[in-house]
């Protein structure tokens with residue numbers, strides 16, 4: 001049988017093989033054991049694997065690894081460990097047995113093994129044909145990817161919808177959707193130390209040595225994963241960094257900071273002023289209360305003075321060089337707020353008499369004797385109807401925003417003294433904010449609502465609530481909708497199964513009726529047979545008495561024929577009874593199966609009903625929490641580019657909002673429950689004041705730091721020779737738990753790799769062996785995280801259980817590579833896209849194709865269900881991204897404008913944003929509702945700082 005083991009082992013021509021002279025092996029001189037992957041695999045790869053890989057496997061023989069070789073093919077093992085002379089693989093390769101391999105000539109142009117190669121093969125078998133460890137040459141001649149490379153292969157969107165991550169070449173760009181600017185680039189510090197003869201091989205902002213083929217971000221946006229050649233890198237979003245912290249026992253009523261961001265002054269509740277060096281965290285000096293109590297402070301001209309205002313209406317000046325205090329002009333009313341405009345070099349005072357006065361510094365610093373007339377201010381800003389409690393300047397000091405407790409807000413031009421804006425929040429005011437460029441205004445009220453306007457007075461948004469609670473409400477609302485859909489599906493499945501059971505029971509009833517008829521007919525046929533037998537017996541008896549009686553002979557002949565007919569009729573009836581009995585038996589089995597299915601469907605329905613009940617409870621709790629939230633912001637401030645508004649207050653987190661739309665943009669994780677005010681310094685730090693007297697300075701700039709590299713030795717993260725990944729990591733997906741990561745890839749035409757990792761520890765949780773026979777291209781977890789769907793270049797879509805890696809079902813129907821897969825939220829449908837230009841919709845439970853959507857002109861490279869809906873977003877090499885409805889295949893919106901092949905597309909769950917990128921390197925952001933282009937991020941011009949250019 002051994003001769004049948006490896007029939008046509010290599011590429012076999014269509015003519016018979018003539019025996020050749022054998023090859024004499026040359027003993028290898030390695031000073032080590034022969035390693036399969038280092039020494040044997042390259043030989044097999046060049047001369048055997050064209051016909052004996054996992055993708056082809058002629059005669060079920062695979063020569064890609066030692067385990068498969070020892071397992072052999074249809075007829076048994078190909079190698080006997082320790083005995084090359086009895087190993088058929090060796091004998092045909094040595095050309096001492098027919099058919100010699102590889103045959104010459106052959107389609108792959110493979111050559112016979114050389115004596116040196118044969119010697120290696122022989123030695124490997126002699127040493128036990130051990131598997132060894134997969135080896136990749138550690139001296140790979142890595143070359144930098146030119147910075148001029150522009151194609152974007154991968155995208156991710158953070159859950160707050162602020163930042164897009166784009167894998168362009170070996171770099172990961174971070175784009176700010178609100179500003180339309182590049183925000184940052186992620187950088188692996190280990191790459192920056194690599195040198196070439198021309199200088200640094202990689203500069204700052206390089207994330208991988210190879211292309212970034214895949215990106216994934218977890219549900220809360222705290223962790224990003226990127227896939228490259230044999231590595232996955234985990235990037236964690238850094239928490240805000242506390243730069244400075246001081247606490248006053250007396251409490252802080254106001255903080256002022258200078259225009260350089262280097263110093264801050266604290267007005268304490270006891271009237272003391274402390275002045276701090278923010279850069280060095282040192283106290284510059286303290287100014288005790290002198291005379292009247294100050295109500296407000298501000299840095300003055302060139303930050304050399306500190307201006308104060310008090311209850312007597314006197315403007316006070318403090319020389320910061322020696323901390324001397326000099327009373328200035330005594331105004332006509334109590335000063336509640338002071339400010340200074342560097343643009344107009346004016347001192348501003350807000351008063352209890354409803355007015356704002358604007359002074360020249362030399363006027364404000366005059367101490368006018370009692371009884372003499374008070375100089376006129378540059379401007380007297382009138383219009384408020386009560387004490388002016390709130391005052392804010394833009395960054396240049398050209399416009400002034402003021403507010404009164406009754407909710408009225410006014411904007412003034414300091415050069416002309418003219419009012420240019422007036423609006424009201426219609427409730428008592430808690431705070432006001434002016435964007436740095438003076439174009440946006442915000443005011444918060446005691447009703448918990450912050451209203452934003454543009455300078456023209458158009459209302460942009462009413463902002464309110466707690467984003468943590470709102471997110472929980474959104475999540476539980478979606479959970480309830482999905483649970484309801486799943487219950488509807490379970491009820492329909494139960495009804496269908498019950499109807500099917502009724503049909504089965506009806507079939508059983510008919511089978512039983514047919515059996516009864518057959519039994520009756522058999523009894524009749526048996527009676528007829530008995531009568532015919534009796535007649536035949538009697539005729540034979542009579543003929544025996546009179547053997548020559550012709551009449552009796554004829555009677556015997558006739559009764560014999562009648563008996564034969566009766567016997568045939570009885571046998572036919574008996575066969576009919578047996579058939580009817582078998583039909584009854586099968587129907588009974590079918591009914592029992594139907595009952596089991598009904599019981600299973602009933603259990604599924606009960607489970608779905610229980611999940612819906614739990615979802616209802618969770619939703620009610622979330623709704624109650626949102627309703628109960630009553631806190632009003634005590635502090636509101638625009639960010640430094642004016643696109644975001646930051647709010648904080650008692651019993652609420654520090655929250656970021658889109659100032660133009662009111663959309664929540666997430667939280668800033670700093671101590672927030674007792675914050676009473678916040679502001680920016682000119683250097684970019686964020687100052688917060690708490691009710692306990694603490695003043696903190698923070699760096700709240702979002703940053704992502706490389707935390708670990710998966711698949712390689714942590715001590716040698718650049719060495720991929722022993723990586724757990726076989727090749728490029730083409731697919732990534734985070735589990736709903738935010739910690740577990742699924743990775744997909746594999747060696748092209750050889751294997752499909754699917755692994756699970758704990759991204760907090762870097763440990764591999766599980767590998768699904770032989771998940772696919774070719775490279776895995778896309779992955780997605782189900783909403784519950786219990787299943788994962790994968791697509792691969794072997795043309796299959798598959799679903800696995802995450803808990804144990806078992807295969808749930810395979811979905812076959814694509815005629816070319818599967819490039820994208822997606823799970824519908826209720827898990828009733830799958831969607832897949834492929835190189836066959838098609839989108840396929842699958843019944844997830846049965847594996848049946850529900851629909852094929854074919855309106856792309858090129859490969860469909862990416863696909864995603866939109867939120868919990870039945871809508872799909874996809875993109876193609878034909879330069880278009882499209883929305884489709886899975887149920888009917890309707891293309892209801894197309895997003896054009898790309899100039900080349902598209903590789904990746906994303907949509908927010910409400911269809912408000914669609915993001916796509918591809919070969920032209922431009923990341924485009926559209927309004928998903930109307931198709932309007934909102935932003936486009938082009939690749940940057942190459943720099944000259946490294947050889948990567």
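Backbone N, Cα and C atoms are what each Cβ position is placed from, and that goes for glycine too.
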Among ranges 504-551, 648-695, 696-743, 744-791, whichever one TrEMBL labels region 'Disordered': 504-551
Which range of 476-503, 560-587, 588-615, 616-643 is region 'Disordered', per TrEMBL: 588-615
Helix-strand-coil residue split for the domain 'Cytochrome C Planctomycete-type' (48-103), DSSP-based: 18 helix, 2 strand, 36 coil
Three-state composition of the compositional bias 'Low complexity' (525-534), taking helix and strand from DSSP: 10 helix, 0 strand, 0 coil
Secondary structure tally of the compositional bias 'Basic and acidic residues' (504-524) (DSSP, helix then strand then coil): 21 helix, 0 strand, 0 coil
Secondary structure tally of the region 'Disordered' (588-615) (DSSP, helix then strand then coil): 28 helix, 0 strand, 0 coil
